[in-house]
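Asker: So Swiss-Prot lists these for the protein:
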- 3-44: zinc finger (ZN_FING)
- Cys13, Cys16, Cys31, Cys34: Zn(2+) 1 binding site (BINDING)
- Gln89, Ala106, Pro107, Thr108, Gly109, Val110, Gly111, Lys112, Ser113: ATP binding site (BINDING)
- 93-249: domain 'Helicase ATP-binding' (DOMAIN)
- 209-212: motif 'DEAD box' (MOTIF)
- 614-1215: region 'Topoisomerase I' (REGION)
- 618-783: domain 'Toprim' (DOMAIN)
- Glu624, Asp752: Mg(2+) binding site (BINDING)
- 702-729: zinc finger (ZN_FING)
- Cys705, Cys708, Cys719, Cys722: Zn(2+) 2 binding site (BINDING)
- 799-1200: domain 'Topo IA-type catalytic' (DOMAIN)
- Tyr943: active site, O-(5'-phospho-DNA)-tyrosine intermediate (ACT_SITE)
Amino acid sequence: MPGGVNAVYMGLCYNCGGNIDEDRLEKGLPCARCLPSPPRRATPLTVYRALKKAGTLGAYSWEYLSIREVERFEAYFAAKSGSRLWSAQRSWAKRLVKGDSFAIIAPTGVGKSTLLTVYAAYVAAVKRGRVLYLVPTENLVRQVYAKLDQVEPGIATAYYSRMPAKARESSLEKIASGGARLIVATTGFLSRRFDLLHPQYKFDLAIVDDVDSLLRNSRNVERILLLTGFSEETVEAAHSLVKARLKLYRALHSGASESIVSRLEQEIAQLEARLRLSLSEASPGQLVIASATGRPRGVKHLLFKELLGFEVGGGSDYLRNIVDAYVVDSDPVGRTAEIVSALGDGVIVFVSQRLGKDVARAIAGRLEGMGVSTALALTGARRPVEAFARGEARVLIGMASRYGVIVRGLDLPERSKYAVFLGAPSAKTHLLEALYSPRRMLAFLSIAQEKGVEWAGEAFRRLSRLLEKVIDTSIVSLAARGKLEAQGPAGEAAGIISETAPRLVDWLVAEARLQGGLLRVGGLVVDARGPIPYLVVPDAPTYIQASGRVSRLYRGVMTRGLSIVVDEAPEYVEALGERLKWTTSSRLRPLSEVDMEKLRREIEESRRGKGRRVRVKTTLLVVESPTKARTIAWFWGRPGKRRIGRSVIYEASVSDPETGDVHILQITSTRGHLTDLTTDSVGSKYGVDEDGGGYRAYYSTIKRCLDCGAQHTSSSPFCPRCGSPRQVDSKSVVEILRKLASEVDEIVIATDPDREGEKIAWDVFLAVRPYNPNVRRGRFHEVTPRAVIEALRSGESVEKSLIEAQKVRRIVDRWIGFHLSTHLKLKFSKPWLGAGRVQTPVLGWIVDRYREWQDTRGYLVIFKLSSGGRTSYFTQNRLEVENLKRVEWLEVVDIAGKTEERNPPPPYTTDEYLYDASRKLGLSAGLAMKIAQDLFESGLITYHRTDSTRVSPTGVKLALEYLASRGLEGEAQPRGWGEGGAHEAIRPVRPIDAQDLERAVLSGSIRIPIRLTRLHIRVYDMIFRRFIASQMKPATLDIVEATLQAGETVFNHAGVARVRGGYALVNPPRVEEWLARLSPGDRIDVEDVLVVKSSLKRLYRAGDIVKMMREHGIGRPSTYAKAIEQNRRHGYVIESKKMRYLIPTKTGVSIYDYLSNGFKKLVSVDTTRRLEEALERVEKGVEKPEAVLASVWRMVDEAVSLHAATGDVMGQSEA
């Protein structure tokens, strides 16, 4: 390409596996060697034909053949069903025709059953394969068989126990003889008649509709695997491996000896080898599971993961168009009867499990007595549901059980309009048993501690410290119950729980009875109204799943519905609302606020197909971090999960409330950058070549060593650091992304909204573009459901100017870094040494300050006062120190005071955050950024790499909501703190402080994908207080400056004596109350005098360096911490343990002196700043990349030439 920087991606041509230019990938074309004369418009068909004509068709032939197979199936589907594949169906069809085994996770109404029915007939009739179709009930056997008979008459053989005797015998004979091509039966048939199927049948396709019915008998998992072609030896090997991994997991987290752990690791390695060998000889059929919801128990379901690469579980139906309301009444049964009677036809009543089946019978009787026809569905019988479906019963009544027949198995959109919950859905456990959960124990101990219970505070502190060292708290829970023996911290924690639980039960019961018998703690309720105290946990997933029966996709519209919770206790309703607040956008409101006339009209019209049409899209959402992927996946219920190689792909569904679009998401991560400049001997300038006025930069996929963790971009099969051949290559991620891209309608790349994130996004775009042209860039600055939905909605593209600037930045860093590092390694004969464009000026600041510190060393005399305060005085005079050590009091010579109104500081930018994290919490820059990254990716704070103080309207609203909840609305003063723009300051994304966050996590109201440590809480607290304070009125400060005399020495001490109102109520400055009590002539007794070595010039901390980097313009939010950490990694700088001061090592001083003398032009602050400014101009499009690179190469060349001319010859060692 003329001018600019053209990236060449080594080994990423999708047809031949050779090198390919980025402009080719951007157009969806293979490399120039494969296709010298490309077609005008690149489509799979035109590219395939051109490659075939050129005689260079390679790996792309498989993709084309897959496309053709999908087209053949689509034609069959259209002919047999009378309609074309919907978006979601097409996505699944692509996976089906490739032979993938997987679980379908999707909302009701998108065509799963229709697709699978037609596909089953297609495999049996067209592919001549054998098919097994399993469903949970006999009623469904009849329905599926009838549909199959319409698609391919006579192709299916159905069996269920209530068939006419002659038909039943005929089916059994056909199955037993081996003559059945497509068998439809219940999962019960699999258990009872397995001997008819195995070993004579090896199914090419097995479909399981509703995995829970399969898993009720864990042996069925093995049976279905055997029927799809796995040998008994393979299944047994997989089962043994699963059990061995669980044993190792428990051993590691229960303090088992090293010999036990080592033995288990060896056993696992042997089992893995055995399983790999078995799988290499296997040719299994295809297993597809639909409606894979729920939480499988036991370990057998993990065989699907080991053998087929997917996991069952997940998929709560969070797509709803429902008004959520509640009523509190002392007679909930009577009030429920009134409400149901008034609603009329199409009501489903869900009775809470804590109330029991007798209450379900009671409400049915009450309604029948009022003349309302009901159907009571307390078992799996089909008749009540059929009566409701036919309109013979106006009301259907059942239990609010996650796996209940009317919660999971009901799909009657035209009939189901209203959901009424008699009692908030919940489950109850004996309180003592519940407290064996470490998290719940901590949640309740924190409440007791807050109320001044000393023993609870001590137990909380001890247990918290121990649990910090325990990865899996379930080990502690089992040990506390006496079901497992645990050692170390886990065992100690279990002991504390066992001792504390009975005492805590007594305290909670007493507290609950003071409040009428019910005590709500966040999303939990202690019920002490009876002789046995219980912990009641609201079941938000069941509420969402059950209420979803009255709202689903139907006739292209999401039907409208109404859900009403009726309970006698407001605590239960509030606890359910608390749980819903964190997991969904649902908010319970009083029924009296609902406009029933309008809502009834909307409910009826939506069932006639009126209303906003819903478009269903399949979307691949790509992020860079596995943590961020997990956070997003859990926003809309328990996600499905599949594994391809080392990648995890989560599956979930989400509805956009503004557009009505439904996205069936596949969410995965790149695990960081995919490519970087190669270190191979390619190009004349360290992986870069001049190219007709521009440059060609050679990028290679990134390899990571599995033994030492080192990363490299060479083509060597061995790690350059330790020589190990065990490494993973990001090329495998590229291949997985390409596979996923070919399965979906669109790809949204939602990597971080900064330069690094843009480069990752560009690499992903180029990787998938040949497989799917519908690629968009999604950006969000907070990981929240709202932000993700907005990103899915946006139609942005990758910013080319940012990419161009990032390429230039990387090349500049490579040129300067490689030149300097090469000199250092040869000069000092130490191969690990290195230097960099920003790293070296930072080292210079640290070295210079250290020298200043040494030159001004002295003594800090600290006086500990009887008034409770402290003051200090610095001197370099040793005799003065000795005199001051004998001082018994300080005399107040003079007092000066003033009162000032002080505005709050703005919310944090990255540099200010790092400064305070270092100063207040003693964190290194690297650890501070790691903690902030965790909080961001877990959906707790906004993006942490920012130089903006701007607060969005959403942020302002959040602060006002929090202040109102604390009765501080009168202290609010909203501020935007900056002009409009994409970036925001660092702030929380929820109106909850650190204490409430910790309780919500401990009680299970909030689920986050990381272990929330005390350090996470402290950092969150610091960010939260700073942000809330920024939205408050100024505080009034009384400032006192006292002139004090100690013996012959006179010195001053100034500080804040009092603070009143405003932001100080949330984020107070340091207050020294003893100053307010001083008057001239007072004597203050000195309790103790401490003398420590000090200096007039304090050593820098990480926060000081970050501030200087911003002030001098030599860094960006994404590089602040990295520059310091690189100096530490090379051994140039250490950090003092207590005060976190940065101290240069002897090597660091030598390196800096050598570079600053020999390569001053390359490592000076001025040069680094000018380069940063030039890169900013490239980013803005006002300077050409090639001009900057040419200038930098000349500068490097001149510096090297000048260095050589001064007499220092490369290769001459200091030795």
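Just so it is clear, glycine is given a Cβ too, placed from its N, Cα and C backbone atoms.
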Asker: Provide, as an integer number of angstrom, the distance between the C-alpha atoms of Gly111 (ATP binding site) and Glu624 (Mg(2+) binding site).
Answerer: 32
Asker: Neighbour count, 10 Å Cβ-Cβ cut-off, for Cys705 (Zn(2+) 2 binding site): what number do you get?
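Answerer: Taking all protein chains shown, Cys705 (Zn(2+) 2 binding site) has 20 Cβ neighbours within 10 Å.
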Asker: Whole number in angstrom, please: the longest C-alpha to C-alpha distance across Gln89, Ala106, Pro107, Thr108, Gly109, Val110, Gly111, Lys112, Ser113 for ATP.
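Answerer: With Gln89, Ala106, Pro107, Thr108, Gly109, Val110, Gly111, Lys112, Ser113 as the binding residues for ATP, the largest Cα distance is 13 Å.
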Asker: Average pLDDT across the domain 'Helicase ATP-binding' (93-249)?
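Answerer: Mean pLDDT, the domain 'Helicase ATP-binding' (93-249): 92.
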Asker: Return the residues near Cys708 (Zn(2+) 2 binding site) by Cβ distance under 8 Å, restricted to its own chain and a separation of at least 6 in sequence.
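Answerer: Looking at Cβ-Cβ distances below 8 Å from Cys708 (Zn(2+) 2 binding site), excluding near sequence neighbours, one finds Cys719, Arg721, Cys722, Ser724.
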Asker: Around the Zn(2+) 1 site (Cys13, Cys16, Cys31, Cys34), what further same-chain residues have their C-beta within 8 angstroms of the site's C-beta centre?
Answerer: Tyr14, Asn15, Gly17, Gly18, Asn19, Ile20, Pro30, Ala32, Arg33, Leu35, Thr56, Gly58
Asker: For the zinc finger (3-44), what does DSSP give as the number of helix, strand and coil residues?
Answerer: 6 helix, 7 strand, 29 coil
Asker: Can you tell me the three-state DSSP label for Cys705 (Zn(2+) 2 binding site)?
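Answerer: SS state of Cys705 (Zn(2+) 2 binding site) = strand.
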Asker: Quick check for you: of the binding-site residues Cys16, Cys34, Cys705, which have their Cα within 10 Å of the Cα of Gln89 (ATP binding site)?
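Answerer: Qualifying among Cys16, Cys34, Cys705: none.
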Asker: Please give me the binding-site residues out of Pro107, Ser113, Glu624 that lie within 10 Å of Cys31 (Zn(2+) 1 binding site), comparing Cα atoms only.
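Answerer: None, since no candidate lies within 10 Å.
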Asker: Hey, for the Zn(2+) 2 site built from Cys705, Cys708, Cys719, Cys722, who else sits with CB inside 8 A of the CB center?
Answerer: Leu706, Asp707, Gly709, Ala710, Pro720, Arg721, Gly723, Ser724, Gln727
Asker: In the same chain, outside Gln89, Ala106, Pro107, Thr108, Gly109, Val110, Gly111, Lys112, Ser113, whose C-beta lies within 8 angstroms of the Cβ mean position for the ATP site?
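Answerer: Apart from Gln89, Ala106, Pro107, Thr108, Gly109, Val110, Gly111, Lys112, Ser113, the close residues are Ala88, Leu115, Leu553.
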Asker: Taking only the recorded positions Gly109, Ser113, Cys705, Tyr943, which one has a CA atom nearest to the CA atom of Cys13 (Zn(2+) 1 binding site)?
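Answerer: Going through Gly109, Ser113, Cys705, Tyr943 one by one, the Cα closest to that of Cys13 (Zn(2+) 1 binding site) is Cys705.
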Asker: Can you figure out which of Pro107, Gly109, Asp752 (the binding-site residues) comes closest in space to Cys34 (Zn(2+) 1 binding site), comparing Cα atoms?
Answerer: Asp752
Asker: Which three-state DSSP class does Gln89 (ATP binding site) fall into?
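Answerer: The three-state answer is helix.
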Asker: Considering Cα atoms only, can you say which of Cys16, Glu624, Cys705, Asp752, Tyr943 is the nearest neighbour of Pro107 (ATP binding site) among these recorded positions?
Answerer: Glu624
Asker: Which chain-mates of Asp752 (Mg(2+) binding site) that are at least 6 residues away have a CB under 8 A from its CB, listed by sequence?
Answerer: Glu624, Ile760, Tyr943, Arg945
Asker: Hey, how far is Gly109 (ATP binding site) from Cys705 (Zn(2+) 2 binding site), Cα to Cα, in Å?
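Answerer: On Cα coordinates alone, these residues lie 46 Å apart.
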Asker: Starting from each candidate's C-beta and looking 10 angstroms out, tell me which of the binding-site residues Pro107, Gly111 has the most other C-beta atoms.
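Answerer: Per the Cβ count, the most surrounded site is Pro107.
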Asker: Work out the three-state DSSP category of Ser113 (ATP binding site).
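Answerer: DSSP assigns Ser113 (ATP binding site) to helix.
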Asker: Residue counts in helix (H, G, I), strand (E, B) and coil for the motif 'DEAD box' (209-212), per DSSP?
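Answerer: Within the motif 'DEAD box' (209-212) the tally stands at 2 helix, 1 strand, 1 coil.
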